[in-house]
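A.B. asks: Once you've had a glance at the structure underneath, I'll fire off some questions.
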Amino acid sequence: MNIHEYQAKEVFHKFNVPVPKGFVATSAEEVKTQVSQLKSDVFVVKAQIHAGGRGKAGGVKLAKSVEEAQQFVKDMIGMTLVTHQTGPSGQQVRKVYVEEGSSIKKEYYLSLVIDPKLSRPIFIFSSEGGMDIEEVAKNSPAKIVKFDIDPATSFDSSKLSSRFHLSPEQIEKISNIAKKIYDAFIATDASQIEINPLVETNSGDFIALDAKINFDDNALYRHPEIMELRDYDEEVKEEIEASKYGLSYIKMDGSIGCMVNGAGLAMATMDIIKYYGAEPANFLDVGGGASKETVTEAFKIILSDSNVKGILVNIFGGIMRCDIIASGIVAAAKEMSIKVPLVVRLSGTNFEEGKKILEESGLNIIAADELDEAAQKIVKEVK
């Protein structure tokens, strides 16, 4: 689960990570009524969307007066912000965050993520933070260092002193912030915390000028206070609907809808669709216990995308028996009167019985025995 920058800074504040003071506004009028709480002559106005790259896209503005801040807020509210992370359709700005300006001496990058190879959190630090961090990673990887974390000691500052020209005082201040975000990471079951930039001010203080936190969806039941931060307006409505039925769904830009059991098989299915020259419209994992109802809902979600021109169902029967899933497919197809081509590949437990159910259904369902064959058939039907 993602949250907005202003919400992430509220979390930081609880863990004593220094952040600039600010407030949320949904209109220019709110700026005038709230700006008195900020002790600054310069203000930063930031569009609040669940995507990075806002600065380069015009979603972060520096205002040198209250009137200018109001105008920026007025311009941003309701606009569609397109960044390299939003996709071409962009995201609508419904809120902005107005905060005190900071005197910036130097920008750094600091994040905490889960390393899938090590199966534990790691810190990532760079002396070149800011809007161009992606370019730094691409062109100057030596300026980025990863820290393996010993859970017993959290942050080890020795690599900072050996890789970067930092004073003992700078290392101490960065280490203190790193330890605090590690505490926040563990306490909230976060999957990622990012500060970009972490700035050193002219007075020598370090402040989290931006904040990003993602949380582990599987741990949210332990954190009702974090669930309250969820902004459904920022999420894809199909993904919200899918979560109600235990379906893992991610909308994409292609024309072939996918219904698969198992995340690995789902990714392999999308890969082979691309291999044969088409694009998947979604990732959809129905899990290991799908029923007629969940299959029906899965079809509804897939077909709610007007770009879908065909559907590939790829099921490997293990816990999920192929005859049960076949019955669910037939029932759902009859109920919904599916008009687009439907290719079904069944393999595993009771797959022969499943194929027989499909054949005797009287529906125009195209059967396939192998994934390669299934992908070629659906690509041919769509093209």
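Glycine residues also receive a Cβ, built from the backbone N, Cα and C atoms like all the rest.
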A.B. asks: Of N261, N282, N364, which one shares the substrate site with G318, I319, M320 in Swiss-Prot?
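C.D. replies: Same substrate site in Swiss-Prot: N261.
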A.B. asks: In whole Å, note down how far the CA of G53 (ATP binding site) lies from the CA of G318 (substrate binding site).
C.D. replies: 43
A.B. asks: Kindly state the mean pLDDT of the domain 'ATP-grasp' (9-241) in the predicted structure.
C.D. replies: 91
A.B. asks: Residues with Cβ closer than 8 Å to the Cβ of S102 (ATP binding site), same chain and 6+ apart in sequence?
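C.D. replies: S102 (ATP binding site) has long-range Cβ partners P20, V44, V199, T201, I207, L209.
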A.B. asks: For E107 (ATP binding site), name the DSSP secondary structure in the helix/strand/coil scheme.
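C.D. replies: SS state of E107 (ATP binding site) = strand.
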A.B. asks: Taking DSSP as the reference, which of helix, strand or coil describes K46 (ATP binding site)?
C.D. replies: strand
